[in-house]
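**Student:** As listed in TrEMBL for this protein:
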| type | residues | note |
| --- | --- | --- |
| ACT_SITE | D68 | active site, nucleophile |
| BINDING | Y126 | substrate binding site |
| DOMAIN | 162-269 | domain 'Pseudouridine synthase I TruA alpha/beta' |
Amino acid sequence: MTGFFFFNQIDMQSNWYTYLFHVQYLGLRYAGWQKQEGVRTIQGTLERTFRHSLGEERFKILGAGRTDAGVSANRAAFELFSPVPIELGTICYQVNQYLPTDIRLLEVREVGKDFNIIHDVAWKEYRYNLAFGEKFHPFAGGYLSYFAGNPDIELMQEGLALLKGMHDFRRFCSVDKITDNYVRTILETSFSRHPQAGLGYIPEQSYTMEFKGKGFLRYQVRIMVGALIDLGLGKLSLAEFEEALSGQGSGAIAIQAPAHGLVLENVVFRNI
């Protein structure tokens, strides 16, 4: 709610400059995107670093979404509202010198006053990295989740294909009192061997799931992954999986897969 409050405040400042940044980060050491008192967050770290770099207190940051604790991003996005112009050619380099090594600004551009970082999202893509079989080296633990057992990969792929399209995902998310519409559309899904499987610290039995959609419900991707793993391990039948996609029944169909396997791969906007 804090971000939307800032947006409303800033929207009244018609003379403020608006910039769109893309950023990547490893979420392992952070309590999520949104700034919170007493804990390390991505937004909080960015704000402190911009404050130091710009020498300016009167700026605000609003993200295109809020990743949970432990979730990483390869190309997330945020808006920066500033009462003074910034130098586009040097700002990323300048701020990156002071950011911790697990956060990096990628690029920046100025956007118009009519740009809305929440409503102008065309689609988001999430990737989930997971491994089975022998437990992997701890160094891979920051971006790869481990599951014991040898699942039926073909059955998992079949379940993943069923997720594509428009469905009532109330059983694949965290239900709350605020949300009254659980229908979402998944544009694309894929399941493949991890591109670095067998290299370095990434074990042979490593895989990547990808989900592309306009928007996702709270914990939706992690619960979908959890359900697919249960499906592959025989803890859930394909019939039960399909029934849950109709919104029938109550309660989440599976527990959330661990956060550290999840990566916000990309955020794409309309008309820019």
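Each residue's number is its place along the chain shown, starting with 1.
Here the Cβ of each residue, glycine as well, is placed from N, Cα and C on the backbone.
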**Student:** Rounded to the nearest angstrom, how far is the Cα of Y126 (substrate binding site) from the Cα of D68 (active site, nucleophile)?
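**Tutor:** Just about 13 Å between their Cα atoms.
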**Student:** Report, as a single number, how many Cβ atoms besides its own are within 10 Å of the Cβ of D68 (active site, nucleophile).
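**Tutor:** Summing over all protein chains shown, D68 (active site, nucleophile) has 18 other Cβ atoms within 10 Å.
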**Student:** Tell me, by DSSP, whether D68 (active site, nucleophile) is helix, strand or coil?
**Tutor:** coil
**Student:** Can you count the other CB atoms that lie within 10 A of the CB of Y126 (substrate binding site)?
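**Tutor:** Excluding its own Cβ, the number within 10 Å is 23.
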**Student:** Using DSSP, what is the helix/strand/coil residue split across the domain 'Pseudouridine synthase I TruA alpha/beta' (162-269)?
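**Tutor:** Helix, strand and coil residues of the domain 'Pseudouridine synthase I TruA alpha/beta' (162-269) number 28 helix, 31 strand, 49 coil.
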